[in-house]
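Sequence annotations record features per position, and here TrEMBL assigns L-glutamate binding site to ARG7, PHE8, ALA9, PRO10, SER11, GLU43, TYR180, ARG198. Taken from TrEMBL, the feature Zn(2+) binding site covers CYS97, CYS99, TYR119, CYS123. The feature ATP binding site is assigned by TrEMBL to LYS239. Per TrEMBL, domain 'Glutamyl/glutaminyl-tRNA synthetase class Ib catalytic' is recorded for 5-269. Marked as motif ''HIGH' region' by TrEMBL: 10-20. Annotated motif ''KMSKS' region' per TrEMBL: 236-240, in sequence order.
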Amino acid sequence: MQPYRGRFAPSPTGPLHMGSLVAAMASYLDARAHQGIWIVRMEDLDFDRNVLGADQAILASLTRCGMHSDEEVVWQSKRTHLYESALEKLDPHVFPCACSRKEIADSRVRAGLEDSQIYPGNCRHGIGDGKLARSFRLRVPDGETAVVPFIDRLLGPQQQNLSSEVGDFVLKRADGFWAYQLAVVVDDGAQEITDIVRGEDLLDSTARQLYLQSLLKLPTPRYLHVPVVVNEVGEKLSKQTGALAFDRGDNDLLNEALIPAATFLGLQLPSSIKNLDQFWQEATITWARTYLTK
Ligand SMILES: [Zn+2]
């Protein structure tokens, strides 16, 4: 079997909050439990959302928690040549799209699909005269081949119909930024990631990523999606929903952040834990008992 390689891929849009700590911890523990490699990758392709210095703050918080990347941290913004060459490889499946958000919304209304989030296919067969390409989209298959099945280690068998549930999706955005779906697949491939452990909010992206992997002839990693932390009104914790940094520089991270995050992941740890080394030792053993059979 290939040696285990996992990753944690935060976006430097603000400091780590409890939600991102849970995702980091799950991927870290799974790598440790497999005696594998764990890599940190900064997903900093959305220049409008990046916050100056947030990447260094994230790395400092991970270090304070006792989590260290086994290989050099990579920044996606320094890897755009990889996404460019992947887009070229995907050329037969890619089409330029001239639609504005408003045009997409209007054609949904005309087709009676107001509630749909799916691209209505306007530019699938070419863009109209005098129109300019804004974004680049991947043509998803029709018919039975549109169904992408996969197994999640925790959630079991899953599937998504790319045609009826997703539609032709964006690889390069109208603002010129690379889309998450393309960049994540290219980097997981380039970094030879064997196991993806991340929040359940990304379950919905998995079929798109599997389809891109197949077109780019990249191996398919294993997937494990863990529950995401939500606030009192059921929203996923994020900068937008006002999540606070768990690391205030001088607080007790073991009791205020790490043990609560482990508890959220369903790990029942002995109450005798006094320090970070002990925490990671016990948490790794408990993780293996709880998740490795899955
Ligand atoms: Zn279009």
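Cβ coordinates come from backbone N, Cα and C, glycine included.
Take the mean position of the Cβ atoms of CYS97, CYS99, TYR119, CYS123, the recorded Zn(2+) site; other residues of that chain with a Cβ within 8 Å of it are PHE95, ALA98, GLU103, ILE104, PRO120, GLY121, ASN122, ARG124, SER135, ARG137, ASP168. Proximity to ligand 1 (Cβ under 6 Å from any of its atoms) holds for these binding-site residues out of GLU43, CYS97, CYS99: CYS97, CYS99. Taking the mean position of the Cβ atoms of ARG7, PHE8, ALA9, PRO10, SER11, GLU43, TYR180, ARG198 as the L-glutamate site, the remaining residues of that chain whose Cβ falls within 8 Å of it are ARG41, MET42, VAL184. Looking only at the binding-site residues CYS99, TYR119, CYS123, the one with its C-alpha closest to ARG198 (L-glutamate binding site) is TYR119. There are 17 other Cβ atoms within 10 Å of the Cβ belonging to the residue listed as 'ATP binding site'. Long-range C-beta contacts of ARG7 (L-glutamate binding site), restricted to its own chain and to partners at least six residues apart, with a cutoff below 8 Å, comprise SER27, TRP38, ILE39, VAL40, ARG41, ASP188, GLN191, ILE193, ILE196.
For CYS99 (Zn(2+) binding site), other Cβ atoms within 10 Å of its Cβ number 21. The helix, strand and coil residue counts that DSSP assigns across the motif ''KMSKS' region' (236-240) are 0 helix, 1 strand, 4 coil. Closest by Cα distance to TYR119 (Zn(2+) binding site), from the binding-site residues SER11, GLU43, TYR180, is TYR180.
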